[in-house]
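Now, the feature entries from TrEMBL:
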| type | residues | note |
| --- | --- | --- |
| SIGNAL | 1-23 | signal peptide |
| DOMAIN | 34-130 | domain 'Cadherin' |
| DOMAIN | 132-236 | domain 'Cadherin' |
| DOMAIN | 252-360 | domain 'Cadherin' |
| DOMAIN | 361-472 | domain 'Cadherin' |
| TRANSMEM | 487-510 | transmembrane segment |
| REGION | 521-545 | region 'Disordered' |
| COMPBIAS | 534-545 | compositional bias 'Polar residues' |
Amino acid sequence: MLTPWRLFLCQMALNIFYHIAKASLCLGGQDIFATVRENSPTGEIIANLGINGDPGASSIRLCLTGENADWFYLEGRTIRLNSSFSRILDREVLGSVLIAALTCYEDNIIRSRYRIMVEILNENDNMPYFLEDTIQPRYISELLTVNSMVFTVKARDGDGDTITYMTDKSTADASYFRIDLPNSGMVILDKPLDYETKTQLQVVIFAVETTTKEKYSATATVTVNVLDGDDQYPQFQPCAPVYVDGDHNICTNPVYSVNITETDEDAVLYFSPGPIHAEDGDKDILTPLVYSILSGDDNGRFTIDSKTGEISLKQRVENRLLMPSFSLRIMAAQVNDPKKYSVATALVHVLSKNRFPPFFNKTVYKGFLIESSSPATLVTTYGNQVLVVQAIDRDFRDGINPKIHYTMQPLTGSNKLYHITQDGIVIARTDRLRAFDRHILEVIATDEESGETAHASVDIEVLQRGQPVPRSPFGEERLFGDMNVGMAGGIAALVLIVAVIVLFLFLWLIKRRRERRDPADRGAVALGKHPNVEASSPSSPHHVL
Ligand SMILES: *[C@@H]1O[C@H](CO)[C@@H](O)[C@H](O)[C@H]1NC(C)=O
Ligand SMILES: *[C@@H]1O[C@H](CO)[C@@H](O)[C@H](O)[C@H]1NC(C)=O
Ligand SMILES: *[C@@H]1O[C@H](CO)[C@@H](O)[C@H](O)[C@H]1NC(C)=O
């Protein structure tokens with residue numbers, strides 16, 4: 001800026017001419033220090049000159065020079081503002097001070113020179129605005145800790161007003177951010193970010209003039225893109241939801257299960273509810289996982305493919321009764337961070353290879369009971385052996401399938417008189433049975449593993465007390481074996497006839513003996529009718545009667 005120099009030179013010249021012409025018309029003025037409001041209209045009075053002469057009437061001539069001289073014009077001794085509609089007095093463009101000089105000529109000779117310094121008074125004619133590069137979308141890791149700075153915005157105001165920044169609390173994501181120092185524009189994280197729930201947030205920021213009465217403001221919406229950080233643990237699939245917590249699905253690892261048989265060997269196991277598979281909880285990172293069996297591999301009987309999680313059975317199970325099931329603990333860990341892992345259970349059940357259905361080796365089992373008052377008696381068969389109604393399962397070396405369940409229902413006769421144990425032994429409520437009862441029952445053997453069934457019937461006869469149990473279906477047993485109720489009735493009638501005859505004979509014999517002993521008997525009677533005897537018991541007739 002040369003202005004000070006020029007001012008200095010003007011001053012020098014002024015001093016020189018001051019001495020030359022003392023009583024000049026150009027004299028009487030002074031340096032002008034004035035103010036004008038920003039955006040003032042043209043013609044606005046800046047200052048009145050104090051010089052002695054009148055430029056219109058006398059020989060003096062005034063001349064405006066200097067850098068900003070064209071912002072002024074003279075009207076007599078008044079300096080006015082020279083602005084126009086298209087040329088506004090803008091402090092933000094011109095700066096705060098306008099500088100010019102006023103030279104006064106008298107007879108074309110410079111007589112005096114005055115400085116003009118006009119301060120433009122600021123008007124709040126500018127809104128704040130955000131610097132574009134400070135409100136660009138941001139990419140922030142979800143692992144950013146709360147209370148750290150997320151980003152800083154910056155707004156400008158043409159009038160140089162002080163700006164305060166604040167977030168719009170009414171927006172959905174407002175709770176994630178705050179501004180601690182209102183003048184800083186520093187946006188602080190107020191709540192943890194979570195990529196798994198929200199991948200993008202919007203924060204609305206106001207920049208407001210603090211010191212003006214207009215309180216002009218600017219608004220900017222900054223998009224915060226959340227980047228997936230490695231904060232989630234692997235999760236076995238399919239994950240079984242337990243409950244929903246906000247936007248989070250809280251779920252547990254599934255329990256995998258598979259059925260194998262004793263013959264399986266060197267086979268890949270296909271588990272339900274799906275193959276053994278885990279996924280990194282960080283869906284955007286999906287770090288590779290490594291699988292291993294933590295426990296239960298039974299010395300290498302089971303192996304796992306560390307990459308795919310596929311489990312294979314290497315050695316067959318020799319005896320499923322000794323090893324009916326296995327429980328394996330499977331771990332899936334992040335390759336890059338083994339501390340991030342998850343454990344699931346895989347159950348392996350050993351089933352029998354069900355090639356044969358169970359069967360009974362008889363269609364009808366013969367059972368006997370001896371009439372008695374005992375509440376429970378084992379039903380026997382020929383030779384008084386305990387009757388065992390047992391189905392044979394050729395899937396088992398000894399033919400005995402422990403998973404067979406026996407049930408029994410009466411085909412004839414009443415219910416609840418018989419009960420079958422799980423060993424195939426039939427128990428009867430003997431106290432409710434009578435000799436010559438005969439009941440036919442159906443026995444059903446169900447293989448609980450395969451659901452296959454076998455049927456047989458049990459034909460039970462109740463024998464009389466003391467009656468021997470037949471030795472076999474072919475000998476003496478035929479007599480009783482085929483005995484039916486009619487025959488039993490016949491026998492009973494026969495026994496009755498014999499009994500009647502015996503009774504008859506007995507009575508007859510007694511009669512005969514009485515007739516033979518009559519004289520003695522009569523004596524005894526006479527003796528009994530002795531008067532003394534009669535007299536000795538006068539009241540006895542009542543007793544006798
Ligand atoms: C007023 O300003 C305009 C535009 O710059 C200029 O052309 C004009 O000469 C000025 N008037 C005076 C009296 O200086
Ligand atoms: C395994 O076998 C049991 C009984 O037979 C059956 O209930 C179950 O559904 C089977 N499980 C699988 C995974 O096949
Ligand atoms: C039928 O099976 C039983 C065992 O349940 C056995 O003791 C018996 O000898 C078998 N009988 C025949 C004819 O196979």
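Every residue gets a Cβ built from N, Cα and C, even glycine.
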Legend entry - the domain 'Cadherin' (361-472) - residue tally per DSSP class, helix then strand then coil: 6 helix, 50 strand, 56 coil
Legend entry - DSSP-assigned states of the domain 'Cadherin' (252-360) in counts, ordered helix, strand, coil: 0 helix, 50 strand, 59 coil
Inset, instruction - Please work out the helix, strand and coil residue numbers for the domain 'Cadherin' (34-130) from the DSSP assignment. - result: 7 helix, 50 strand, 40 coil
Legend entry - Secondary structure composition of the domain 'Cadherin' (132-236) [DSSP: H/G/I, E/B, coil]: 6 helix, 47 strand, 52 coil
